[in-house]
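> Please see the structure below; I have some questions.
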Amino acid sequence: MKTAICSLLICIFLLQLMVPVNTDGTLESIVEQKVKELLAHRDNCPSTVTKTLSCTSVKATGRLASCPPGMAVTGCACGYACGSWDIRDGTTCHCQCAVMDWATARCCQLS
């Protein structure tokens, strides 16, 4: 009987902890208010930095395709449906299949 009463009291206590409490200063309401304030004043803080992402594809015969200077590989494609490739030095695609007729590197530059 004592364990049943203790269990009941523990359950009631836990249920009280789960009941939502309305407070003006919850973290969610504070964050929401700050976001609204920032969005309302975003015209006062124009960005002075503009970046452009320019990309191109470089296709080569064989296993390797290299990007032009200043560009980095963001993806590779290989002939004969080869899906096994790696990027060497951040600028070259290397197709790893045994027989390979072409390789393509997707090269991008942030300027």
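Cβ from N, Cα, C; glycine included.
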> Tell me, from Cys55, Cys67, Cys76, which cysteine Swiss-Prot puts in a disulphide with Cys108.
Cys55
> Choose one of Cys45, Cys67, Cys76: the cysteine that Swiss-Prot connects to Cys107 by a disulfide bond.
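Among Cys45, Cys67, Cys76, the record in Swiss-Prot lists Cys67 as the disulfide partner of Cys107.
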> Do you know which of Cys11, Cys45, Cys76, Cys78 Swiss-Prot records in a disulfide with Cys93?
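That record, Swiss-Prot, gives the partner as Cys76.
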> Cα within 10 Å of Cys55 (disulfide bond) is the criterion; apply it to the disulfide-bonded residues Cys76, Cys78, Cys93, Cys95, Cys97, Cys107 and give the hits in sequence order.
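So the list is Cys107.
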> Report, as a single number, how many Cβ atoms besides its own are within 10 Å of the Cβ of Cys78 (disulfide bond).
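Excluding its own Cβ, the number within 10 Å is 21.
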> Output the one of Cys55, Cys67, Cys82, Cys97 that, of all these disulfide-bonded residues, has the highest number of other Cβ atoms within 10 Å of its Cβ.
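Highest number of other Cβ atoms within 10 Å: Cys67.
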> Long-range neighbours only, meaning 6 or more apart in sequence with Cβ under 8 Å: which ones does Cys107 (disulfide bond) have?
Cys55, Thr56, Ser57, Val58, Cys67, Pro68, Met71, Ala72, Val73, Thr74, Thr91
> Tell me, in order along the sequence, which disulfide-bonded residues from Cys95, Cys97, Cys108 have their CA within 10 Å of Cys76 (disulfide bond).
Cys95
